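K.L.:
Structure provided below as structure tokens; questions to follow.
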């Protein structure tokens, strides 16, 4: 089903996440995201960006509030709709999560596992699947590397493989958690340019977390600024003033850092966690 332009594809309603010791990882957050929007979550490490992304993807279920997705059974992400939601949602990770000894082609094909039944996963990939994978590999500029081992690639190339793996899912929403944090500035700009161009061409909604202000200004349709687990700015890139940007990175107290210093679900209430697996 093709969604209409400018239609909301995601709504957060008072979503919050608390740790077992009651410190807050994410304060109540409400947000609507449009079809085709390139939304950037901006803030320092520990600001709550990853927690927010994982709440959207269902890797962490909110302590309070709800994530609403039009077209999803019941309209809300919960334990019953989680599998269906993740099939609609592609994920790009900072650390790639590639299988180094496997080829680029096989790593990209892993993005289709959600479409295969338990028994079908035991059989070889079809020619159709492989051609589909080669198509997305070509889109990220790595066709000549399709049969190369993933661990033989540069960091930027590995991230392109991660993008291709997400794209083969044909997602309605693409989430990217600090996708260029470990790359040098030139490579980071190149990878984000690729991601932005693909999303705009496909009218694909993207929510990308970054800590680099200039990259956010260069690529975002809209910026959500987070600090200490709370939204402190929401607006277009040109509305992000130097003072607001500095405030996002102002030194935090030790107590505040504790409340949002890690987004690892291991420290969350057990009823609110989900296994960390790609979409």
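Note that Cβ sites are derived from N, Cα and C of the backbone, with glycine treated the same way.
Pulled from Swiss-Prot, these are the listed features:
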DOMAIN    10-253  domain 'ABC transporter'
BINDING   43, 44, 45, 46, 47, 48, 49, 50  ATP binding site
REGION    253-279  region 'Disordered'
COMPBIAS  253-262  compositional bias 'Low complexity'
COMPBIAS  263-279  compositional bias 'Polar residues'
K.L.:
If you draw a 10 Å sphere around the Cβ of residue 49 (ATP binding site), how many other Cβ atoms fall inside it, taking every protein chain shown into account?
P.N.:
28
K.L.:
Considering the binding-site residues 45, 50, which residue's Cβ sits among the greatest number of other Cβ atoms within 10 Å?
P.N.:
50
K.L.:
Say we define neighbours as other CB atoms within 10 Å of the CB. Which of the binding-site residues 43, 46, 48 has the fewest?
P.N.:
46
K.L.:
Among the binding-site residues 44, 47, which residue has the largest number of other Cβ atoms within 10 Å of its own Cβ?
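P.N.:
The largest 10 Å Cβ neighbour count belongs to 47.
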K.L.:
How does the model score the domain 'ABC transporter' (10-253) in terms of mean pLDDT?
P.N.:
91
K.L.:
Kindly assign residue 45 (ATP binding site) to one of the three DSSP-derived states: helix, strand or coil.
P.N.:
coil
